[in-house]
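**Q** Dumping what TrEMBL says about this protein:
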TRANSMEM  A:35-54  transmembrane segment
TRANSMEM  A:89-109  transmembrane segment
TRANSMEM  A:130-162  transmembrane segment
TRANSMEM  A:174-199  transmembrane segment
TRANSMEM  A:206-228  transmembrane segment
TRANSMEM  A:299-322  transmembrane segment
Amino acid sequence: MDREKVSLYTQRIITSPFWVLVGKEVRDHIKSIRFNILMVIILLTCIGSLYAALTQVRDVANNIEAGEELYLYLKIFTISGENGTLPPFVTFISFLGPLLGIAMGFDAINSEKNNKTLLRIMSQPIPRDYLILAKFTGSLFVIAFLVIMLGTLIFSLGILIMGIPPTFEEFIRVFVYLIMIIVYIGFWLALSILFSILFKQAATSALSGIAIWLFFSVFYSILVNLLVTASVPDQLFQDAQGANQDKITTYMRLSPNYLFSEITTVLLNPGFRTLGPVTMEQAKGAIPSPLAINESLMIVWPQFIGILALSTICFLIAYTIFMRQEIRS
Amino acid sequence: MTKVIEITNVVKKYKEVTAVNQLNLTIQKGEIYGLLGPNGAGKSTTIFMLLGLTEPTEGELFIEGISPTKRPIEVKKKVGFLPDHVGVYEDLSGFENIILTARLNGFTRKEAELKADELLQQVGLSHAKHKKAGKYSRGMKQRLGLADTLIKEPSIVIMDEPTLGIDPKGIQEFLQMIKELSVEKGITILLSSHHLHQVQQICDRVGIFVKGELLAEGDLDTLQQQLLDKHTFQYEIDTKESSDRVESFLQTKYPKLRTSVYEGKLHVTTKQKDNGNLVKTLINDGGFHLLSFRPMSYGLDDIYQQYFQGGDDLGSREG
């Protein structure tokens, strides 16, 4: 009886118009040249950096003193190639991830509008929000699939090359990190979907997305440093200097890129005990040992909520505008 | 006869502009109703309101008793909509395109495929069903659109300038298809157009729509009568003498007569039918050399032209 109910329920989900739209979205992405090019780029760079890291990992392991935990799998993500020829995986992902998000969303709504397919979908008996929800869900599915695939690829390559299986803690840390990547890319996806609603031309919307991405990844830190140092009269006093540093960190945390980099650091370096500046008094008496997984998670919790909140805000604005927009062009 | 579409006192304003003004319209089951009017007359706005895609500023609309403003999804289950430019997913084949629509209407994949096959056969696209829809010609896209509209098994089909941009032969085939649809499946059809001849061919009733107002409505005969003022008669007089002279002569003789000179000929408008007096007066009293005298009548074509060209004047006068 229960099984029947379940099968009926799944049947209803499969035939529900929402999942039909999600399915179409997923299929469109997988078939699109744009996504495939990006996927190949991400795969190639990641495999390249992984290869470099795996060849280096022996030296790293040699340097670890006896009795210390190895965390080799976390190292794979963070160590760069010989003489720094190839940046580590985390750098690549924090660089290419937003690009992937932007690329998947920048023409979500405006292409439907320009193609007049929006009108066709809207004249079917489905609620209006199905379309935008399906766009977001479908793209996020594809992103999640790609990221999880990368993660499992790393584990399997690691086992193949190093011959050491990952510990449970390493697995959890990497898994949480992968989920963070998905959420982070989700933010850029929501932002670019917002732009796809605001701008009629796909090119305008893509460029706006890229402009914001560039702003946060390059100019924002320069701007914050400039403004904060300019606002403090001089740096003679240590107190002022500390306050200065605090201020910079606070302002930097408005940037999703910075939040994500903090998450990455804490999750993949168990040795990181805190984020931001630490005074001598605070550090005094601390035992220099790696943090347990739940403690690391506690440190990045605010950062995670920050990124989630930013994505939600972007998506909500997009949703509201879309629901109120006139369908006719 | 049951009322399928009911529009009462609908007003739609966009900021300053009134797109639709106090529209009243009823369409019966199984009818083909043509909404005829120039571009920007408010035809599309009316259609969008019927589909629940735009809300009226005032007034009410009902489709089979359901208000599209309040319950758009139920209305969209019954109503198929064919826009002037059918939007197709260019990367999908024509077949896949209409299967998507079918599945959005709650059909399973299997049902959808069966129906899609049948409909594509009907609209004559079976040969190209696996071709990418982006490669379809304009006429093919429009036929695909028709299949797309029909796959949800609608009881009403609304078409907004469905023949726009199709070649003449294609138009004929398309109109034929629409006609058959109405007869075979008993579907009520509302179509908007600015082509009188197309509307004339297939519509049971026509409404002339100018500047957001329905000026005249009915089948073609009553329309003709409505538009022609029954109590005025017009005659064209051609004489050897100059028309101006004839005009001044007639003006002194009958001060109430309305006259005008058009292309060298005199046009006379009277309130009653002429019983030969006019000619008699012209020849006997005026001594003119009468070349021709003929009563003028307007065809629907002329009237329609008049509405279109002088649309502004007529529209504002009526309003």
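Just so you know, glycine gets a Cβ as well, placed from its N, Cα and C.
Walk me through the surroundings of each of these features.
**A** A Cβ distance under 8 Å defines the sequence-distant neighbours of the transmembrane segment (A:89-109), meaning residues of its chain 6+ beyond its ends; these are 29, 34-35, 38, 41-42, 45-46, 49-50, 53, 76-78, 80, 118, 131-132, 135-136, 139, 142-143, 146, 154, 181, 184-193, 195-197, 202, 205-206, 209-210, 213, 217, 257, 260-261, 264, 268, 322.
Only residues 6 or more beyond the boundaries of the transmembrane segment (A:174-199), in the same chain, are considered here, and those with a CB under 8 A from a CB of the stretch are 73-74, 77, 93-94, 97-111, 132, 135-136, 139-140, 143-144, 147-148, 150-151, 154-155, 166, 205-206, 208-209, 212-213, 256, 260, 263-264, 267-268, 297, 300, 304, 307-308, 310-312, 314-315, 317-318, 321-322, 325.
Residues 95, 98-99, 102-103, 105-107, 188, 191-192, 195, 199, 244, 247-248, 251-252, 255-258 of the same chain lie 6 or more positions beyond the ends of the transmembrane segment (A:206-228) yet place their CB under 8 Å from a CB of it.
Non-local neighbours of the transmembrane segment (A:299-322) in the same chain are 109, 128-129, 131-132, 136, 180, 183-184, 186-187, 189-191, 193-194, 197-198, 253, 256, 259-260, 262-263, 266-267, 272, 274-275, 291; each lies 6+ residues outside the stretch with a CB under 8 Å from one of its CB atoms.
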